[in-house]
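Just passing along the structure, written as structure tokens.
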């Protein structure tokens, strides 16, 4: 009997020892590093501002700082309210710069640079710095062999990713974004972020084939070989083809690069683009097209200014100008819309020149996961009265040609996107959500609450707090996870409600803000060495970078009058894409139901106002802008067009005559949902059933899709 | 007639226009960027501190700064003299830290980070930042199509590289270094720098297959694949083999990696080392061996402290510790010796934490060229009474086994190296000099004087000033270049005399200092994120990093008593390797001729003193050092040895009984130059004639040698 007990004990002993890694309970606070020391542990509190066994006792100056610092919630409240105050602040340059600099500094200080952890090791190693094929991470993984997947909190076994995704994330009914975020924003997000979110699934969920930043590799290709295939080697320009007089990406026959297309897409309809999966969706094709046109337009301007420059220099300088334009648009308009701040964000690299700031960037796996904004994606697309289900949209660039480029952009600006929140991921993308949960488990990523602490926000105390008051979902989450500290990062981010006034939740803002600011401002363009006119071919190029707007980008590169171009549906424009019953109910009423549902929040139109304000300052009339006016007169090709910019959304709508609804409100007749999808050249090989064509986006069955990241 | 004139004019016109690139005359001063504008130019003076057409008018604060700043010459004079003053400064921590921080800041501020130029483009391009396969450069190239190779200065055609090398660089008679720099230093330089000087000759002289910094890839391999071949995957250790009881790198059969060996080296004598050409010279083999032993020793220490760690974590942590040890030894001892400063240099990353400093590094092509210190290399090697000509030394690791590891290190410490200066490159390396000149011309590198201005030192006004008073060489240089502004960088660096008190010339110090400080301090180890105990496996590892010395490195890893270990031959030790007539003349005299020739400068012994001082502070007795003492008791293998350190060079010499000369002075008998080279296992395929075996180092005839960089 005794022998049996001893035998059992001996059998259990290594298990007990193995299970007793004291770092499993995440004892070290405030970013202290936990090191196991036999049965005990120590926390390395160096430079955390705290001391004590668990780095939880603040040093003197830390306690002062903590006492004085407003909470993230307070700051967010301040920034998204008191519009009258911000209207004043926005007009006082020194105040405005002071605040902008503070935002840059506070946001970027949260990101380790150089990174401390990557997905290849649980601890800091040389490869963390040197091996760029790994995503970096903001928190090390849960130690191996802990009692529960989240360390010590929560259930020993979590429900299947499929169950989690279907219960908490799957769309029952399209929920439109309350801040009127539109499809043009949705595709900007997808197009922009896929230059650096490039998971190398063949190697693993923690690996990347990208280069960790805003490098415009989605336009120019990840490798020099691909870039060379895409270039014409004449006047710096990219290859293109004309379709009905307008410039589009070249055919694959003209620029033989690797692109992912399903077999049914005919050769002539396969396009060569910087990123191999940007043939997937017409929205991505639209952005690829407009940046191609912009590149070639900039080359024309540079060629006129520098007749002695060769193709290579024209190309390289245009690339730098487009990189700058991208950053400017992203900060001024895209992040501005996302944040919902009444403070006007702007891009001024000089604000950081006197500070300790690292001009190097890495993409964090957490940044990738938090950017899985698939709820934005609608299930149907509305263009000029036609409605396309997802199955008719995928790989179907024909509809851009059918409706025309300008009309497509206008339609994207009018269609509302989905709200980033629970139960709003459409059927096509749910598989991605399932995979993301699997990846997080595979990478042993810490839970939502650990990340909240890491990024300076208090962890949720209850499930009800996490769901923003949704008791049913709170109960389901509790059943699934057992402890609010055990809720997985991605799941937590998706079930949170958007923060007041914002497009995304508090955690997405507080985690994404730092990654985003750091990524944009650490671009070499922003360094004191590079940020000067000569980098951009002189003052004219520098001005293009500093004055770029989304509207200019599209309107200068669209033949014919320019339609609505915006990241949100303006308040006086009736959005398309609202759920049918809302849409139907709006028929009988003067003020539509959706107007009540969509909060007329700050910033939707102010973003337009801001551009106009800036344009007035820099080039009230397009023809005063020397580089663009020279372009208009010098370039015989009608590719680029410098329109006088309409003063507001209404004017835009009135001026735009290319088949858009006349009164700004979509009617049942305008959006013929019940009509069969138009015959637009799709071959019969395309799946006929209503299910999303997973064949082409399912990684397990698509041989070419190892690199697809939706 | 008129028609003929017009025809001639028309023919010449494009030539005239092409020749008139106004940037050829390098009009922009103070790092302003020259941009051609038709027949004219503009200078981008942004953030140069200057303005005006040529960025030559100082802004107010610049003129104040310039007026107050001492010249580089004055600073150098101060640092290399007034030993009494520095003895005081060195003992006052706050003063000493203040100066060290100033050195870090001033030196690193001169290096563009991120870089502005690389060898792929004449201007800033995205690839300058993103394509790490290019070396970066501190100055853009001379514009293409200029009247002369250097722009507008000097002759239209320069003499052949062969002529230049033979006239100004070829060794007539070995010139020993006056600061008693020895062969152990020489091979440290070669071993250390080849982890980041890795020209990819297949792609071109401006390309690199390295990763731009101190990454210990020369120990662990450039790729993960190579690293894995070199690892034992047990307890973190590297593979090794025992030869006569001592640990050496494994055989190629055991670790099949690509190594460059000539066909005559038998399989059993081919070793697997991190860098593929480190089988070339026994000096490199010695360093490869000692770092391998150190790695495995550190693994033993870590294993005892962290019994729960797996092989991977032990390996990765040991690698970080060795990286730290390397940086510490390089700053504390190697750079200290090079500089000749009486100020004690030290490594303290924390001094930069409050400053704008970039933790990223790139290798500049100019850094590579200025580090071509082939004059250091003697033509013969003296080990324990035997003399080996270069032909018996190349690829001959046998002599390390024959004489024993400790004896070889002792001999390297006793043999004087060549002076870095004109006419001192031995016949084996002259071809490298010829190639370097070709590469500079190929890369259109600007001349010595432009680089002097770039790095804040006044350009030479005359050839006589450049040669330090050597009228004959000045005349020859004038004949070759026509204008002192046309002297090529590498040639200029090599014909300068060493600066007073230093091993290298003023320009090498003022250019190399910034590249070196920046490269060492920008290592991620030095970042606030990484510089903490947990990065190095806890306090014990952190202490190893902070207290590493060259002497410890060798003595802890040498079986038996430790000989002389130093970067310079101590003043009370008679150097070996002096020219024969000096050596002969020293026979008849009490005080040898070479003692008069070798200036007893500051720093040679003070470097030893410094170590002792530091050792006294940190571990007066080796056994007080917990991680090393635990090693000694815990590790049953006699690989690592922690010796009580002898207090000075004399004591070292006395304690060392392993066959070294008994009285510290080499005699003709001790160094049997006239004996045939000892039969040490070289097969008969080895070339018999006295010429250097160029077959194996000549890139044009050696198929494997594309990556060899001597």
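We count from 1, first residue shown onward.
Including glycine, each Cβ sits where the backbone N, Cα and C put it.
Straight from TrEMBL, here's the annotation block:
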ACT_SITE  A:194  active site, proton acceptor
ACT_SITE  A:371  active site, for cyclooxygenase activity
BINDING   A:107  substrate binding site
BINDING   A:374  heme b binding site
COMPBIAS  A:584-595  compositional bias 'Polar residues'
COMPBIAS  A:609-619  compositional bias 'Basic and acidic residues'
COMPBIAS  A:620-633  compositional bias 'Polar residues'
COMPBIAS  A:638-656  compositional bias 'Basic and acidic residues'
DOMAIN    A:19-56  domain 'EGF-like'
REGION    A:574-597  region 'Disordered'
REGION    A:609-694  region 'Disordered'
SIGNAL    A:1-19  signal peptide
Quick one: pull the CA-CA distance for residue A:107 (substrate binding site) versus the residue listed as 'active site, for cyclooxygenase activity', whole Å only.
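Between the alpha carbons of residue A:107 (substrate binding site) and the residue listed as 'active site, for cyclooxygenase activity' there are 17 Å.
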Around residue A:371 (active site, for cyclooxygenase activity), how many other C-beta atoms are within 10 angstroms of its C-beta?
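Taking every protein chain into account, the count is 21.
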So for residue A:374 (heme b binding site), how many other CB atoms are inside 10 Å of its CB?
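Here the count is 22.
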Compute the C-alpha separation of residue A:371 (active site, for cyclooxygenase activity) from the residue listed as 'active site, proton acceptor', stating it in Å without decimals.
10
Mind checking how the domain 'EGF-like' (A:19-56) divides into helix, strand and coil residues in DSSP?
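The composition, in the requested order, is 5 helix, 12 strand, 21 coil.
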Do you know offhand how many angstrom separate the residue listed as 'heme b binding site' and residue A:194 (active site, proton acceptor) by C-alpha?
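Just about 14 Å between their Cα atoms.
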Count the other Cβ atoms sitting within 10 Å of the Cβ of residue A:107 (substrate binding site), across every protein chain shown.
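Its Cβ has 19 other Cβ atoms within 10 Å.
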Inside 10 Å of the Cβ of the residue listed as 'active site, proton acceptor', count up the other Cβ atoms and send me the figure.
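Excluding its own Cβ, the number within 10 Å is 21.
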Could you tell me the mean pLDDT the prediction assigns to the domain 'EGF-like' (A:19-56)?
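That region's mean pLDDT is 94.
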With H, G and I counted as helix, E and B as strand and the rest as coil, say where DSSP puts residue A:374 (heme b binding site).
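Note: residue A:374 (heme b binding site) is helical by DSSP.
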Work out the three-state DSSP category of residue A:107 (substrate binding site).
helix
